[in-house]
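Here's the structure, in structure tokens; my notes come after.
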């Protein structure tokens, strides 16, 4: 469909000037420019992109942006409430420290802001060590207490007195990448199997479609649960991460394969495929050179809708304690700490990882919507 | 039509058989079996179980037999005697253990489905008819939010609000005084007064999705020539809308009912764990963790059966709703 329009002959000179202009516009611009133009018109998708890019940037350089390491704990300050950053001429940037009292009756610890304790805060301070991109060792943090080890909880602390903001930023790395890796895996599976199904048709197609229907008819979550419970506990965090990704994409590829197959079936009958065949182009040449480019944009758009679903899947599994497990940090693992409603009642900030999930998934859905509109810029 | 039905039923049986086998394989995947859990529990208590006793346990549960024999024992029991096997952990028959819970799961899912339909259709139709109106924007925005919020998050927030501002726990499906009581009118009313929270929580994601689908479908139909024809004939606008484009736009919806069902069941599972509802979710989670294999197997089998039947019903409903499909089916 794309090719047919691109290969149109130049318009006859007697055509109305504005028609010539619009046709020349469409003919002269490469496809990706046209798509970008269409994408820009989708206001919400742009907003989504503007939200996502910085979040991914922070996740990549999590060590620098997080004030502390994910496991550094102030065991005397469990569930310490969030601090506010103050600015004064005397101290510069600072936060107030905590003083804690233990209730005589319930032995519950309560924290109050202690205005006599002042924790100096600075930019580009030295703190916990980390490795930039896992390679270059460093200990510079964007923001943090100037004296290493002072409490600094912009989003409050969790049950072991660990900074929730730092853990949120470290967890973003896993939560945000698992969707991409998982989608990449289901992308390969979906294109391959869907392509085979659509190109060959007949009994092969029939068999593959039955298998897809079969996978789709198993309720997702129970299957995920059973599969992740099958992972041995002895596996390290990295192995577990990949295993979870495989489990998520094992089910995710089916929708994509159906999409690819549908496109193949409709494209097989298109004139430009026939033309290529008459031209003596081989089967592989037709598929790779002619068919794949013309539906790639659609596939990318539908893939982009699968990323947020995978993020939600990982979060749900980890929340149930079946996905990633501590000491690994992901947003789902962090939310596991919020499973107890009493903990949430004393420390509502435990729900902030959930807020992060909602924001990211929302932004991704918007971007996916925009991509879908932009996938066919000739409309 | 009859041939179609027979073919579908046959296909359904094959699917279920395949699902049961795959489930069994998945349950057997983890290293060890139920006795591993028993040993781990005993060690946690500081006890030691002699090997002979473990072997006795294995023999008792039939775990020492080859894989295919175990599968055959279970599946032949299910098919021939309706016997779902024994739960190791609960030492009860699976059927008695999950009977009540599955009923509550179904009740919850059906309640959510009705909730989803009654909210999503009017809103979806409204947003399509008044495209780009403030109402449409609000509906679209809420729809996007609804799709982005994980069910358990919504459940947590609802419980937190209930706990914080109304001083009561929203979890559970019954008040304490009714929890173990026999069924009567009071218990039923009590159930209904508790059930609406999980119904809303489970239904929100589905509602959001369905609003988007209804809106998109109806927008595709609204500018078709047949709508202009009907308008030109002088049909009253509302009658015209309901009779033609709205009806057409519901066809794709019928075909997705089947897929909606597993979604509701999955949502129900996780919400039930969070809100500690006495439905199938928490029991399934516990069984998955302790490798209580006949319990897990029967669960997945029942849930899959529901899904497969739901898909079939949705196909039948589609044929009933859309004369074009009926026509195609009767031709071959």
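Each residue, glycine too, has its Cβ placed from N, Cα and C.
Over in TrEMBL, the protein carries these features:
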- A:44-66: transmembrane segment (TRANSMEM)
- A:172-368: domain 'ABC transmembrane type-1' (DOMAIN)
- A:174-199: transmembrane segment (TRANSMEM)
- A:211-232: transmembrane segment (TRANSMEM)
- A:238-256: transmembrane segment (TRANSMEM)
- A:287-311: transmembrane segment (TRANSMEM)
- A:317-335: transmembrane segment (TRANSMEM)
- A:347-367: transmembrane segment (TRANSMEM)
Contact between the transmembrane segment (A:287-311) and the transmembrane segment (A:317-335) (3 or more Cβ pairs under 8 Å, separation 6+): no
The transmembrane segment (A:211-232) versus listed stretches A:44-66, A:174-199, A:238-256, A:347-367: most Cβ pairs under 8 Å: A:238-256
The transmembrane segment (A:238-256) touching the transmembrane segment (A:347-367) per 3+ Cβ pairs under 8 Å rule: no
